[in-house]
Amino acid sequence: MEKTIPVSKNDVIDVEFEDLTHDGSGVAKVEGYPIFVPYVLPGEKAQIKVTKTNKGYGFGRLMELKEKSIDRVEVKKEDAHKYGGSQLHHLSYEGQLKFKEKTVREVMARIGKLKDVTIHPIIGMEQPLHYRNKAQVPVGEKDGKLIAGFFRPRSHDIVDTNESIIQHPAVNEAIQAVKEICNELGVEPYNEKHHQGVLRHIMARYAKQTGELMIVLITRAARLPQKNNLVEEITARLPHVKSIVHNVNSKRTNVIMGEKTKVLWGNDVIYDYIGDVKFAISPLSFYQINPDQTKVLYSKALEFAGLTGEETVIDAYCGIGTISLSLAQKAKHVLGVEVVPEAIADARRNALINEINNVEFEVGEAANVISEWYQDGNRADVLVVDPPRKGCEETLLNTIIEMKPKKVVYVSCNPATLARDLRILEDGGYHAVEIQPVDMFPMTTHCEAVVKLVLS
Ligand SMILES: C[S@@+](CC[C@H](N)C(=O)[O-])C[C@H]1O[C@@H](n2cnc3c(N)ncnc32)[C@H](O)[C@@H]1O
């Protein structure tokens, strides 16, 4: 017999929360039926309104908190505009670290079915605020004014703000200045509904070690009115700016940047350092957003690679070559592969400016390029992968299993796809020995981890 759903949409009920989902919502059960509610914590009691019911689970909205968790951090209503993208800001930092470590342990057991793996305590930050070196804020219009900030959760309404508890102050300041300038010059905001207007997004990226700033103006069409005035005002108000770029994205899409990029003023890149290696970063290239924790993450990856100077290493999903160049200083030869051509151009430039000669980079899908390298007789002693959130392509994992590098170092920003891929590698003859979670994204639900695998 089919179970009936014990609640209906718009019911207002009192519940107690017993857990947190991986996306940070509290879980309460009514007669065994789970209801997910944002901004509540395990152990809390609250009045909620049921907003949606599906067959096996429902959603709700917090109406009134009746009993608070000791892990709750009080948040003033008037500060709400500072918390865009910070789904866990109401949870103490210690509580966030516990939540992330528990998530990693849970998915490794449930999805990865891993045995005999050491999962180390997560490495958190001493100062977990204002770490983000980059913001890409959507632009819209309200009451005849250009606004920019973040999308209200589960909507495309823009909350107009430049204050964020996770963005670096230099990034907050840059967004504020560009927004003011655009308003003063009458730059037309983008209208998402009708796919009309000019300015879609403002992007600011700040290189923490050098203080260099890049501003990218992303427009719907190739025409950017007031170009010269924009440059004049931005350079006058933001003295750290080293590069102003115009990017065109004419598609109706949630992808922020288009393919066409033109430098309006200054350099085509900004420079930053990780340790003593200098990196050129162009607008379309990936660059880790938390510079302090990047050092922690990369040094763990390097430690897990255990290089002696004799190894050939493959760095899959290499971006601008940040991991490749750290590895190259301790290896015989490094091959890096990455799908974004601009990132590979940066990687080659980065090898040159640091006079690192034992590294080669190729543009392409990691799965295809590494399979070609393997068919051409290339072998790796150590293979590093650092894929996007969706994890590695299964064909790449199969090539790794065939190629049999002695060690695989897996850097991941999504514990669930990591656990899935580790299961495939374990079934193919690897053993996951150690996992080090690193908190690259405080105040959010995201969690990074690096894993050492050896041939078993
Ligand atoms: C998480 S980032 C890591 C980059 C670099 N390892 C770092 O730490 O800066 C993932 C990278 O994979 C690239 N990428 C995405 N899909 C890819 C694919 N199928 N093949 C190769 N690279 C890909 C992205 O462009 C991005 O640069």
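Even glycines carry a Cβ here, placed using N, Cα and C.
The active site annotation in TrEMBL covers C413. Sequence-distant contacts (6 or more apart, same chain, Cβ under 8 Å) of C413 (active site) comprise P388, R389, M440, H446, C447, E448.
Look at TrEMBL and you will find C413 tagged as active site, nucleophile.
Taken from TrEMBL, the feature S-adenosyl-L-methionine binding site applies to Q288, Y317, E338, D386. Sequence-distant neighbours of E338 (S-adenosyl-L-methionine binding site): residues of the same chain at least 6 apart with a C-beta under 8 Å from its C-beta are Y317, C318, G319, I344, A347, F361, V363, A366.
In the domain 'TRAM' (6-64), helix, strand and coil residues by DSSP number 0 helix, 35 strand, 24 coil. For 6-64, the entry in TrEMBL reads domain 'TRAM'.
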DSSP three-state assignment (helix, strand or coil) for C413 (active site): coil
DSSP state at Q288 (S-adenosyl-L-methionine binding site), helix/strand/coil: coil
Most distant Cα pair in Å, residues Q288, Y317, E338, D386 binding S-adenosyl-L-methionine: 15
Number of other Cβ atoms within 10 Å of the Cβ of Y317 (S-adenosyl-L-methionine binding site) across all protein chains: 21
Environment of Q288, Y317, E338, D386, the listed S-adenosyl-L-methionine site - residues of the same chain whose CB lies within 8 A of the CB centroid: F286, D315, C318, G319, T322, I323, P387, V411
Packing count at Q288 (S-adenosyl-L-methionine binding site) (other Cβ atoms within 10 Å of its Cβ): 22
Y317 (S-adenosyl-L-methionine binding site): secondary structure state under DSSP, collapsed to three categories: coil
